[in-house]
Amino acid sequence: MVDFRSLKIILLDKAIFIFFVFIFLFIIFFAGNCLSAISSRRTLADAKITLNFDHDRKENINVFAKLARAHNNTGLLKTNTSTWQASGIFIERLVIAIDKKIVSDLKSVVITLDKKSFYYDQNSLFSQWKQSSPREYGYKVSDNNMLVLESPDSLYLERSRIPIKNHFFSSLINWRGDQLIYRFTWLALFSSLIVWVWLLLAYLIYHLYFRRKLDSSNIIKDDAIGVKLSAIVFLTIFVEIIIITVIKKFYNPDVSLILNNAAQIYLDNVMISFIPKPVEQMQYTLGVLFAPFLIIFNYFFYEWLIKQSMVIKYKNFFVKFILLGLLLVPIFIYFGLIMSDFFYIKSSISSNVLGFVVYAFIFFPVLLYLFAKKKFENLLKILLTTEFIAVLFSIFAFTAASFIQIIDVYHFNPVYFPQTQLFFNKVILQQVVSLYGLFPLLLKPIFNLLGVSVINFTVIMGLLIICCFLSLFKFLKIVVSNKILALLGILGILSYTFFGVAFGTGLYAPYLQYWPIRTLGVSIILLLSALYWKKPSRLLYNLGFFCATLFIFFNFDSGIVVFLSWVLFLLYLEFWQRGNKSILDVVKLIFRHCLYAFFYCLAVFAFFIFYFLLNSDFLPSISLFFQYQKMFYTGYFLIPLPPLPHVWGFIILVYLTALSLSFYALKNRFTSKGPFYFILAIIGFGLFSYFEGRSHNATLVWPSFIAFLLLAIFLDDLLIILKKNLDNKLPSSPLLYTALLILSFIMFLPPIDIIKNYNFFVKNIFYSNRTTGSLSNSVKVDVTKNIDFIERNTTEGEQILILSYNYDGIYYGESKTQMVVGVVSPSDTFFRYQYSDLMNFVEVNKNIKIFVSPEYEDYKILEILNDTYQKKVDNFGMILYAK
């Protein structure tokens with residue numbers, strides 16, 4: 001019988017706690033709604049600017065915006081000859097850049113923010129708008145013939161009165177979110193009240209009918225590994241926060257000096273997107289370097305607490321602290337998804353309430369039941385294997401047979417262009433530059449055999465992508481004991497990372513810069529590490545060193561991570577397999593590994609020296625190999641890290657947990673996977689630097705595939721622990737069941753999401769049927785007709801110059817022509833010396849044909865061509881200049 005007298009006591013004793021639970025829920029829902037509105041950009045009005053002239057003008061007129069968050073500038077989208085528009089960006093100022101020769105023809109400027117319009121005639125424009133230096137906006141104005149005007153302080157839609165980060169929100173001219181934020185107060189109150197009442201009823205029922213109490217001592221005893229690991233991770237995070245704070249406080253480099261030095265090296269259009277982040281880079285670098293030492297220190301610190309009986313003495317505090325941490329993880333993920341406007345799960349079945357309910361209460365229980373029952377194991381393997389094979393076939397078909405990536409010529413051209421030139425035996429670095437490493441040189445023998453063309457290139461890229469996924473799948477099959485988890489892990493990578501952006505846009509546009517160029521080395525070294533761990537051999541040992549060293553040159557960004565992770569993996573194995581060896585014997589073996597690493601670096605370096613000596617009379621400067629990496633690292637196209645909470649924080653937590661497990665497993669062999677936790681954590685931290693640099697939501701998707709490998713391995717180890725407890729009739733901690741439930745929920749979702757997005761695969765089948773005849777951009781450029789025009793006016797192998805933004809690689813490859821020596825592709829031109837070389841060539845050229853694509857708009861080059869060359873124009877905009 002229910003003791004209703006205790007009900008009054010419960011409510012009186014817990015009144016304050018219940019009140020704070022309500023306040024906590026209100027804060028969660030209110031903050032969540034606010035962050036969702038801001039991250040979705042619903043709080044930002046569209047900006048439209050119209051310039052009215054006495055006559056139709058096509059001169060160098062540009063409009064762009066100063067961004068409040070990224071602190072750089074971006075061009076507005078030109079919608080017609082006199083109108084520019086921007087949507088969903090945090091605008092601090094609007095800027096007009098106009099040639100001084102036509103200023104007198106400018107009648108008026110009309111700016112529209114949402115439904116509010118601002119009109120400026122010529123007099124008010126020059127009296128109210130601030131004149132600025134053209135150099136500050138070098139991307140659009142490269143000389144002093146331009147007049148640059150910044151919008152006045154009086155141009156804004158509304159000034160925000162939000163007390164939090166007011167200096168940021170009040171600086172926005174297109175902010176319209178205050179009223180929207182206020183409405184969230186009532187919505188948050190309503191949501192909080194519902195959840196609060198539900199929790200209160202659940203608590204009363206639990207207390208009155210069950211009266212069960214969890215003993216903190218039992219939790220610590222039943223899940224000693226989980227408690228200790230959680231304590232180590234939380235302590236490490238706490239110290240890392242202190243380190244990061246100290247760096248921010250005391251490390252204050254002169255950013256203006258960095259910018260001034262860069263301005264001497266890089267073009268104006270590069271400098272406009274230059275955002276140095278020396279403090280943030282230092283924080284991340286030192287944070288990663290300190291992490292292993294902090295984990296080891298915190299391990300021994302926790303051991304000391306146990307010896308001092310501090311853990312048992314304050315067991316309630318430790319357990320509550322850990323439970324609070326586990327409670328904060330899903331809240332953190334929730335806010336992280338909100339901060340990215342649910343970018344990472346927009347195409348998931350769980351992205352809306354109905355889909356989440358269907359998955360949580362139907363699909364997930366069914367899959368969990370099939371997974372738990374031994375008799376359904378083969379059925380589940382067949383279903384998941386079929387799905388995996390079908391997806392792999394789709395990837396190859398879309399990449400190899402589809403020309404949809406030509407729509408994204410901005411990313412395709414820098415990868416494809418150097419391959420077209422090496423086909424004619426150009427010397428890389430000396431005669432051809434490559435933004436993403438020396439991979440075109442290493443792939444050259446293949447294209448010497450097949451010939452270079454878009455279709456051949458995409459076929460090879462498709463095969464390399466398949467190689468990446470098969471290597472990762474084989475790695476998982478070796479590492480995890482449950483082969484279904486290997487399938488779930490690889491499908492998780494496919495759904496969450498590889499198709500993460502494509503499912504959202506509905507369009508398959510392969511980003512070859514990452515898959516396969518940056519992932520090939522990682523995939524192969526992970527497979528070799530698993531094979532070597534399973535059955536060590538001299539062949540695998542040397543093959544690992546050869547591949548790890550070679551991939552430094554294939555792509556330096558990921559290659560250096562691959563090399564270091566392989567060497568550190570071997571060093572870790574010496575401690576893992578130490579046995580009865582003395583510390584001196586271990587040091588000798590470590591020294592041998594380091595000696596091999598040095599030898600292989602020399603050997604591969606010697607190979608490239610031989611290549612250059614064989615194909616040219618001198619060696620290139622080593623600085624040419626690093627010039628683009630240095631440019632990106634110094635500040636080009638960088639974006640500040642979004643503030644926490646964000647999904648990237650969860651990714652870092654996964655890597656930190658894996659690194660902690662690897663060190664903990666050295667002492668307490670609770671798992672056989674210590675070496676894999678170690679190498680995956682090292683690679684994960686290394687690849688994360690890609691996102692740390694350019695912190696855009698999309699750039700977090702690609703390097704995060706390491707996290708899903710780890711989640712599959714985590715789940716496998718938890719299942720092993722659970723099975724061992726059940727077999728030995730030992731109790732399992734609630735922490736173990738909670739972790740199993742959360743990980744299972746995440747890992748069973750990708751197979752459902754892939755099926756849910758079937759329309760994506762159907763839609764892209766039609767794109768895969770394209771031929772070279774449809775290589776066109778419907779807005780400005782008809783690529784196929786331009787290729788025909790070049791072919792009619794050249795011979796195969798002829799040296800020419802094609803001036804085209806992002807299409808020249810396709811033109812050279814399909815027309816079987818080669819670029820003249822001494823200049824760089826426009827899409828690879830970032831340095832002042834490169835532009836000077838181009839300018840000098842155009843001025844002194846005598847007999848080389850120059851083809852200009854209609855989207856090419858360098859007015860200085862065009863002026864020289866129009867003044868000193870004869871031109872032949874086709875019907876589609878391509879122009880041939882010759883003397």
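Every residue gets a Cβ built from N, Cα and C, even glycine.
Lifted from TrEMBL, the feature list:
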type	residues	note
TRANSMEM	12-32	transmembrane segment
TRANSMEM	184-206	transmembrane segment
TRANSMEM	227-247	transmembrane segment
TRANSMEM	349-370	transmembrane segment
TRANSMEM	382-407	transmembrane segment
TRANSMEM	446-473	transmembrane segment
TRANSMEM	485-509	transmembrane segment
TRANSMEM	515-532	transmembrane segment
TRANSMEM	539-554	transmembrane segment
TRANSMEM	589-614	transmembrane segment
TRANSMEM	703-722	transmembrane segment
TRANSMEM	734-752	transmembrane segment
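Between the transmembrane segment (349-370) and the stretches 485-509, 515-532, 539-554, 703-722, 734-752, Cβ pairs under 8 Å are most numerous for 734-752.
Contact between the transmembrane segment (515-532) and the transmembrane segment (589-614) is not supported: fewer than 3 Cβ pairs lie under 8 Å, counting only residues 6 or more apart in sequence. Below 8 A, the CB atoms of the transmembrane segment (703-722) and the transmembrane segment (734-752) form 3+ pairs separated by six or more positions in the chain.
Remote same-chain partners of the transmembrane segment (485-509), defined as residues 6 or more beyond its termini with a Cβ less than 8 Å from a stretch Cβ, comprise 343-344, 346-347, 381, 384-385, 387-388, 391, 395, 398-399, 402, 404-405, 407-408, 411, 469, 472-473, 476-477, 515, 698, 701-702, 704-705, 708-709, 711-713, 715-716, 719, 746-751, 753-754, 757, 759-760, 763-764, 767. Residues of the same chain lying 6 or more positions beyond the ends of the transmembrane segment (446-473) and with a Cβ under 8 Å from any Cβ of it are 388, 392, 395-403, 405-406, 416, 419-420, 422-423, 486-487, 490, 493-494, 510, 512, 515-516, 519-520, 523-524, 526-527, 705, 709, 772, 775, 810, 813-814.
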